[in-house]
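*Asks:* This is the structure, below, for whatever I ask next.
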Amino acid sequence: MTRSDETNVAFACRALLKESIRYAEMGWMRGTSGNLSLVLARDPLRLAVTASGVDKGELTAADVVLVDGAGTALSGPAPSAEAELHARIAAVAGAGAVVHVHALAPVLAAERWPGGVPLTDVEMLKGFGRAAHGDKVVVPVIPNDQDMRVLGDAFETGFRADTPALIVSRHGIYVWGTDLRQARHRLECLEWLLRFALATSAEHPERGM
Ligand SMILES: CSCCC(=O)C(=O)COP(=O)(O)O
Ligand SMILES: [Zn+2]
């Protein structure tokens, strides 16, 4: 690692630590689940990603790994097992930050709508970068797989530039943005929207959303 890589990773570490503590406190990173990444350079692609198998609510500077565009570690311990998918999302969507959490609502919503979760006519959609009314949002759902290339191909097949999220069924959700803050705002709003969709479809099963 060069001196500037080290400086960038140190900056990323502080930012990732702050975000992951918040997500852990929300119960969205139970045990060692979830992972976060921040793009440090585009050409060639370089990301700081959380290490694999650690409690993301207890991250230290030693738990942030510099990876390349294939999710391969360039320094430090083993990166997240999902680092390759983070890199793929960053490359395809042009995201500056990608967050992955194991919140329950996205996984339940994927069970209810395995072909994609429809969302429309709710004010909170603005927090996801979409119109509150008339905009028919469908959050893509893909089957889980242990092969990140399989997940990456499925993500790319359903990718739409206006929908910065991906649910992996029976697993969790990925949300991205220009930076960690925007990704967080989108995730928090989307998680609310998914809970709303589940609650209202349970009350009115004929309606869907
Ligand atoms: C304990 S959850 C199973 C792995 C997973 O889905 C996850 O998000 C955490 O994996 P990582 O390698 O990033 O720790
Ligand atoms: Zn996961």
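If you go along the chain as it appears here, the first residue is 1 and each next one adds 1.
Every residue gets a Cβ built from N, Cα and C, even glycine.
Per TrEMBL, the features are:
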- HIS100, HIS102: Zn(2+) binding site (BINDING)
- 14-198: domain 'Class II aldolase/adducin N-terminal' (DOMAIN)
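Could you tell me the structural context for the features on the list?
*Replies:* Taking Cβ-Cβ distances under 8 Å and a sequence separation of 6 or more, the neighbours of HIS102 (Zn(2+) binding site) in its chain are TRP28, MET29, ARG30, SER33, GLY34, HIS171, GLY172. DSSP classifies HIS102 (Zn(2+) binding site) as coil under the three-state reduction.
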